[in-house]
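Q: Feature table excerpt (TrEMBL):
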{"type": "REGION", "residues": "38-75", "note": "region 'Disordered'"}
{"type": "REGION", "residues": "90-114", "note": "region 'Disordered'"}
{"type": "COMPBIAS", "residues": "90-99", "note": "compositional bias 'Polar residues'"}
{"type": "COMPBIAS", "residues": "100-113", "note": "compositional bias 'Basic and acidic residues'"}
{"type": "BINDING", "residues": "Gln255, Lys271, Glu292, Ala375, Ala376, Phe377, Leu378, Glu449, Asp464", "note": "ATP binding site"}
{"type": "BINDING", "residues": "Glu292, Asp464", "note": "Mn(2+) binding site"}
{"type": "DOMAIN", "residues": "339-553", "note": "domain 'FAM20 C-terminal'"}
Amino acid sequence: IKMILFRKFRVLILMVFLVACTMHIMIDLLPKLEKRAAGSSSSAGGGGGCSCAHTPGEEPRSWAKQRARAAAAEPGWPNKHSLRLLQDFSNEPNSNLTSHSREKVTERAESAKRVRQLQLGSEKRGLMRDTVSGQKQRAVQGSSRLKALYEHPLYKTDLPHLSEDDTLFNHNNDIRFYPKAAGQQEWHNEGNVEEEEYSPTGEATAESYPNWLRFHIGINRHELYSRHNPVIGALLKDLVSQKITSVAMKSGGTQLKLIMSFQNYGQALFKPMKQAREQETPPDFFYFSDFERHNAEIAAFHLDRILDFRRVPPVAGRLMNMTREIRDVTRDKKLWRTFFVSPANNICFYGECSYYCSTEHALCGKPDQIEGSLAAFLPDLALAKRKTWRNPWRRSYHKRKKAEWEVDPDYCDEVKQTPPYDRGTRLLDIMDMTIFDFLMGNMDRHHYETFEKFGNETFIIHLDNGRGFGKHSHDEMSILVPLTQCCRVKRSTYLRLQLLAKEEFKLSSLMEESLLQDQLAPILIQPHLEAMNRRLRLVLTVLADCVEKEGFPSVVENDLDGKFHTIHRKSSL
């Protein structure tokens, strides 16, 4: 009897297992049957096509089906193994493409109060856009301060002659490592495909490369890009207009950043909007827990260009459709799972990161539109290695401890005796970076990078500027400590700062005019623009005190050879 009961028990377990398997199969097949039935009904009703953008009340498709549709609809999908060699931050997290069903989103009726808020918000944004449009029109009709600035002799100085050792890439030799440049020219680039001309040898010419690649080729020992290089303007337009084919979270970092891949095989780092332009950083926030602001990244690029440093990679603002341009194209399953619909019926997501990646700190669209900054990638480390340096004036990143430079007034004397600050222009470049950060109010400069090929005789790359422009009502004088301790500055920087302090070349007016070129203008509110004028005067005061104390020759390092060259250096591209 016991044997019979035991056998019956095993049969029962087997039956339960079979039933469970059958139920799982039915659950997997049910969405496909529903989709087929929906397709049949839409065909019968005369409706064709499918929109990738969903209204908040619609039932979203499963993650696997979305990716399958995208892959089938886009035969030119980038091959990640042929594409990723070129770009930095290029390794996307692997994703499992098995089906994943989502909870059905229930449609909620918005209250009358919510409707009124949206209407008021739309009217306010409309008035702001109208104001910006009027400012742009007046800038075109009237005299341009920015154009006059770039016509000044200080902005026409020539670089030394560039040898092969002074360029990041040798166009004839190194370009073969760019997979698409050496082979097929399927760039999906700007312009008409029928008008593209290929060389008889089948090799790509520089003019046929996409703008992000031309930007990479133009990098040299002295600058990321030349002053009047038309490629930069075209690249900024690409960042705004290129179709996004893939999205993944960037690994590392404290806050959420997304890697955007474009149809022309370029890539950019996306920082979403976390804070309204009118908001200041709360006074109780530590610098290391402050938000990273998308408009700060955009403004930093324009400020860097006005200062004539040209050490910030091109950055442009873009209004993103979170549904069509992020959720529906991502291959990152961890990112996809964080999307949800808020009680206000807006599309939200939060991703994975150290700070502010939770439902409470979710990034929400209106209803699915969100602003963000897109920073063009630098060449991949496999092709152009970069060296990371610890900033000598790095903060402690601790609630109670202070760094050595904060307690030792003679700290710079020790730095001056330490390579690479004991020779060359590295210490002067640190002073440039200090002034740049002070004008923005950026306290988060713990490391910096240089291109390894150029050794110590090259510029510092000004990366990661998202924590600037947080407080317009406060000037953080501790950012200027390197300048007050060392009392050293380049003559070119010193003269440009004096020029930008004049009424005809007012820094705030130049920034306002330059930022009007961005799609998301206005980028900075007026108090932030006025704060830069105030901080510029403080920098000049510090330098005046240094000159009075140590003498002009000891403070101002002549890097202009005593004269200005008035011939424009033209880009080879």
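Backbone N, Cα and C define each Cβ position, glycine as well.
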Q: Greatest CA-CA distance (Å) over the residues Gln255, Lys271, Glu292, Ala375, Ala376, Phe377, Leu378, Glu449, Asp464 that the record ties to ATP?
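A: Largest Cα to Cα distance for the ATP-binding set is 20 Å.
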Q: Quick one: give me the count of other CB atoms within 10 A of the CB of Gln255 (ATP binding site).
A: 21
Q: Across the domain 'FAM20 C-terminal' (339-553), what does the mean pLDDT come to, as a whole number?
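A: Across the domain 'FAM20 C-terminal' (339-553), the average pLDDT comes out at 96.
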Q: Under 8 Å Cβ to Cβ from Glu292 (ATP binding site), same chain, six or more residues apart: give me those in sequence order, or none if nothing qualifies.
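A: Expected: Gln255, Lys271, Lys274, Gly466, Arg467.
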Q: Return the residues near Asp464 (ATP binding site) by Cβ distance under 8 Å, restricted to its own chain and a separation of at least 6 in sequence.
A: Asp444
